[in-house]
Amino acid sequence: MAPINGSRNGKHSKPQRGGNLKRKRVQEDLNSLIKKVEDLDVKETIEQFTDLPLSEPTASGLASSHYKTLTDIQSRAISHALKGRDILGAAKTGSGKTLAFLIPILENLYRKQWSEHDGLGALVLSPTRELAIQIFEVLRKVGRYHTFSAGLVIGGKSLREEQERLGRMNILVCTPGRMLQHLDQTSFFETHNLQMLVLDEADRILDMGFQKTVDAIIGHLPKERQTLLFSATQTKKVSDLARLSLQDPEYVAVHEAASSATPSKLQQHYVVTPLPQKLDVLWSFIRSNLKSKTIVFLSSGKQVRFVYESFRHMQPGVPLMHLHGRQKQGGRLDITTKFSSAQHAVLFATDVAARGLDFPAVDWVIQLDCPEDADTYIHRVGRTARYERDGRAVLFLDPSEEKGMLKRLEQKKVQVERINVKANKQQSIKDQLQNMCFKDPELKYLGQKAFISYAKSVYVQKDKEIFNIKELKLDEFAGSLGLPGAPRIKFIKGDDTKERKNAPRATAYLSSDDESDEEGEKKKTKKDETQVRTKYDRMFERRNQDVLADHYHKLINDDGTMVETNKATEDADEDDDFLSVKRRYEAGDKDLDVGGSSSEDEEDADGTEKKGAKVVHLDGKEALVIDSKRREKLLKSKKKLLKFKGKGTKLIYDDEGNAHELYEMEDEEQFKAKGDAKEQQAKFLAEEAERTRQADLEDKEVAKQKKREKKEKRKARERELLAMEEEGGDLVQIPYKEGGLASDEDEEVLRPSKKARVSFADEASEEEPKPKKAKKSQPAGKAPEQIETLEDLESLAAGLLG
């Protein structure tokens, strides 16, 4: 008979047999795959993905995503990674480095039969959020047939939602900052079982910007792991490799022997243009290339915002977008998506978009500001000419930057050709920018911040052969932005300290006199009413009254004119600090001691007190002199009057009522006059012992007296009870108080302890509460009885006893 659940046992059990066969077949395929990987020759050049020893889910994902042919970096790196070796991979931009580490991640975890119960198996670190999103999208396409759980952990999203899902992830793609936050704050997130660590754009992650963060992350990870590093400009520093605990890494540099570090189909040019003409040349370029897809790189986010807002108002005829690190994550993602799908557009961006991002069909890469080094240049131009496509790049250089930058590019095998701008095609937009800044104070403020951020980006660079802020025409550059004058730049010290020190004193004295004269003229009324004032003069003199008024006021001179670059104004700028001393106090100043009276109010020049001053003595060493209204206010402040009051003394009083100090000490001479110290000690001990004995006797006598009184009260109560029994009267309970029988006065005090009941009966009924009290004293549950004889009393006592 078959079981209740309908299943069969014995030789006809087909489902169980089929399950065993399937598990056996999967295990055989896994063993075969492991053997193929072990037999793989890393020196062999593999061109097709079908020739690699890959699992069925990975092969199906590659075929569905239309990946068929391997690139050079993929052919050389995947073989070493499948065997579990650490890799340092360096290849040109757009050469397919992402698949070179994603395929080994999927395969190594698949061969180990990784599941959600095993925890985190692979961690991929990316320097930017956009690159992390791009890596995650490729992982989703290639690993769609695997059963692994993958997650994206970047800033700008809800931390709590990420914490809830983090414990179930097998593969994580993240940015360093958010990953460290989870390692420190998410309690159930464990990384002790990590198998692979991947650093994309490793040179950027390992530099000074992420050094502390990456060191902290590595401190949470196990040392026994496989580490893969990929970048277009790879690091070989021993210190960096030691931090990552690399074990005999394999250096895979595909294009190390190539003649150029950039893609072969990339056309690279540079234009020497003065700093004040950069925006004019950029505008002319955009107007002449409306049917192109262009990325324009600038050095700071404030420059990106200003150029985007100003060009957007002028409407060049092509869609404009901007991308920088201060934008919210949702906005950044929308912009990257729109620019990727756009056919013709211009994207103004910082170096956030310089690494790893794959924007399809980018025609031009314009570097409006000089990159900080040759590696940054390589990554910027790598946004075009990807995957063997054509691309063009143009670098804008100031004459002071040309020689040093070309030297750095030659050291990195980067060859750039110089081109000239046709003067007849160049358009000037200086007047348009001035008009917009005049009408829009917010755009004017944005231009001032853009100017300061550019100057700061040049000032902080270490390579002074390229970046020398003293050789830049900053005043003319401010005018090209539409600003009425160059904003203050407090971090630029102007001339050297040695030059200022050797300058003649007369020059500094005259400049200080001129400044004081100018300040005096400000206080006077305007006398030059007949002078003609144009609308531009009024524009420069007006003050903003909107939300940006305070910020705008900090960026210009107090008179609204442009900042002059002479020594006097530079010294004045140095004195105009964020914190200024309102009043300086010296040691011994009476204002500081007493609370703020001026020296003129206190004393005359000869040190005598003023006439009519009042002197108040408050039992202190110093008398209070009241010679001004400010001093008179001291009388209302108890805290400030404490200085003029003497210190209080604590007194005790003896039995006779005489006051004594708390501690009355004898002089040394008086003490010696009384005799030897040991004799005085023995005498004192004897006196104290006698005093203690007498006090003990008195206490014992008091205790005996209390005990005697208590005994007498108890006997008096017993005698009273016996007398009542002999008389045969009613038994009345006498109130008992601790220590003896209660007196008549005690009874009177005890009786009104309960509130008298309010009764509406007649007066006769109000006189009957006394016998009721006697009845209440009887035991509960028994009716009161009249005791007439001794037998009745004995029977009542027997009943009470039991």
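All positions are counted from 1 along the displayed chain.
Cβ atoms are placed via backbone N, Cα and C, with glycine included.
Among the ranges 47-75, 569-597, 627-655, the stretch that Swiss-Prot annotates as motif 'Q motif' is 47-75. Feature motif 'DEAD box', per Swiss-Prot, maps to range 200-203 of the set 156-159, 200-203, 260-263, 764-767. The residues of the compositional bias 'Basic residues' (705-714), classed with DSSP into helix (H, G, I), strand (E, B) and coil, number 10 helix, 0 strand, 0 coil. Averaged across the domain 'Helicase C-terminal' (274-437), pLDDT for the predicted model comes to 92. Counted with DSSP, the motif 'DEAD box' (200-203) comes out as 2 helix, 1 strand, 1 coil. The Cβ of GLY96 (ATP binding site) lies under 8 Å from the Cβ of LEU70, THR71, ILE73, GLN74, TYR387, each of which sits 6+ residues away along the same chain.
Each residue in THR71, ILE73, ALA232, ARG386 lies on the same chain as ALA91, LYS92, THR93, GLY94, SER95, GLY96, LYS97, THR98 and has a C-beta within 8 Å of the C-beta centroid of that ATP site, without being one of the site residues.
In sequence order, GLN134, ILE135, VAL138, ASP200 constitute the residues six or more apart from THR98 (ATP binding site) in its chain with CB-CB distances below 8 Å. Under 8 Å, Cβ to Cβ, and six or more positions away along its own chain, LYS97 (ATP binding site) finds ILE73, GLY89, ALA91, ASP200, PHE230, SER231, ALA232.
In three-state terms derived from DSSP, THR93 (ATP binding site) belongs to neither a helical nor a strand segment and is classed as coil.
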